[in-house]
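Listed features, source Swiss-Prot:
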- Asp12: active site, proton acceptor (ACT_SITE)
- His40: active site, proton donor (ACT_SITE)
- Asp12, Gly39: Mg(2+) binding site (BINDING)
- Asp12, Glu13, Gly14, Lys15, Asn37, Ala38, Gly39, His40, Thr130, Arg144, Asn226, Thr241, Arg305: IMP binding site (BINDING)
- Val301, Thr302, Thr303, Gly304, Arg305, Arg306, Arg307: substrate binding site (BINDING)
Amino acid sequence: MADVVLGSQWGDEGKGKLVDILCDQIDVCARCQGGNNAGHTIVVGDVKYDFHMLPSGLVNPNCQNLLGSGVVIHVPSFFDELKAIEDKGLNCRDRLFVSSRCHLVFDFHQLTDGLKEQELSTTKKAIGTTGKGIGPTYSTKASRSGIRVHHLVSQEPGAWEEFESRLRRLVGTRQKRYGDFDYDVEEEIKRYKKLADDLRPFVIDAVPFMHKAIKANKRILIEGANALMLDLDFGTYPYVTSSNTGIGGVCTGLGIPPTAIRNIYGVVKAYTTRVGAGPFPTEQLNNVGEHLQEVGAEFGVTTGRRRRCGWLDLVVLQYSTWINGYTSLNITKLDVLDQLEELKVAVGYKHNGKVLESFPEDLHVLEQVECIYETLPGWKSDTTKITEYAELPENAKKYIAFIEKFLDCPVQWVGVGPGRSHMLSKSVN
């Protein structure tokens, strides 16, 4: 059976640390969607590993790792990331696999990502993408003109000529759209001739791989990238990523049935953050927001961008819980709230004097909502040295209990610092 770790807000919740802890007990770790547009750091002993595209299970020497069919891969970045972790002593090539059905991100996708953002910025509608080419790649995938891993590595007669033709055609359509941007497709073809040989040993048919793992009762951990509020269908569209970041994307991205999933862990930051543009009802453009930003070190791993910060939003989390069906939650960064006198939690939205039933799909409404806040007392004490959940200040436990009751979902872990030892386990009935 498979356990799944998903982000419940707008990303950067701290999924990597939970995955890191759970990785000690698993046989297979799989990514199901996204690309190298996410990022987190895992610390093992004194060594820090930065992950963007590769599965975190690589830090476990007994764990097999898969990039599933829903993942999009920039092959040069794949090897750069692999080399960076190998240079730190991690031997993992024989434990890393890539689905033959993954779509490929090329440099021209990244170029057009930037051009699209420039175009949108003139109308003040830029999305604030990472510029990694993820959106344009999913766009070519959806339009059925994309190039998959098997197109690159196939050794069937005529396969390489087909790859060349596909790439030339794909670049040509983008140059018609954006003008003759600086991109030498013939040089790119030469470059990918070698990359095809390098990538081929990693490539497998991921569907039987996952089926056999499930059939053999292997312990499987699936790590979602991004988060529910960035989901293409259920997020704050169009200020979203280009894949399904919820539980649905797990099944479609790996080719597994819902019945193969056991636990769904939702990772929740104790407050709310967001990177890039888009509505953010509980955002605090004041000293509270600055405090959360500075104490929480809210800067992106992938882009280095400063994150927007605000109070915990239970309207968002309720919506996220309804869609993903979390079996339990991991609250992270509780310690960032340690010095605040009082805490506000959004428990509803009002629009034109009317309380909304759920998180609205209309951004014009979302930008105008008035948050209904519940105020809870802070605990004004350092939680970073606490090693047992029972030792938390009473007001901290009341804060967690409030979240559990509102969402009707138990909290299983609470994070009070950056290290593994800072993750407190809480009994779940």
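Just so you know, glycine gets a Cβ as well, placed from its N, Cα and C.
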C-alpha spacing of Gly14 (IMP binding site) relative to Arg307 (substrate binding site), in angstrom
14
Cβ atoms near Asn226 (IMP binding site) (within 10 Å, other residues, all chains):
28
By Cα-Cα distance, the member of recorded positions Asp12, Gly39, His40 nearest Arg306 (substrate binding site)
Asp12
Considering all pairs of residues in Asp12, Glu13, Gly14, Lys15, Asn37, Ala38, Gly39, His40, Thr130, Arg144, Asn226, Thr241, Arg305, annotated in the record as contacting IMP, what is the maximal C-alpha distance expressed in whole angstrom?
34
Say you check the Cα of Gly14 (IMP binding site) against those of the recorded positions Gly39, His40, Gly304; which is nearest?
His40
Filter the recorded positions Asp12, Thr130, Arg305 down to the ones within 10 angstroms of the residue listed as 'active site, proton donor', Cα to Cα, kept in sequence order.
Asp12
Please name the residue among the binding-site residues Asn37, Thr130 whose C-beta has the most neighbouring C-beta atoms within 10 angstroms.
Asn37
In whole Å, how far does the CA atom of Thr130 (IMP binding site) lie from that of Gly39 (Mg(2+) binding site)?
11
If you measure Gly39 (Mg(2+) binding site) to Arg305 (IMP binding site) at Cα, how many Å is it?
12
How big is the Cα-to-Cα gap, in Å, between Arg305 (IMP binding site) and Asp12 (active site, proton acceptor)?
12
Alpha-carbon distance [Asn226 (IMP binding site); Gly304 (substrate binding site)] in Å:
16
Between Asp12 (active site, proton acceptor) and Asn37 (IMP binding site), what C-alpha distance do you get in Å?
12
Please report the number of other Cβ atoms within 10 Å of the Cβ of Gly14 (IMP binding site).
20
Would you pick out, from the binding-site residues Gly39, Gly304, the residue whose Cβ has the largest number of other Cβ atoms within 10 Å?
Gly39
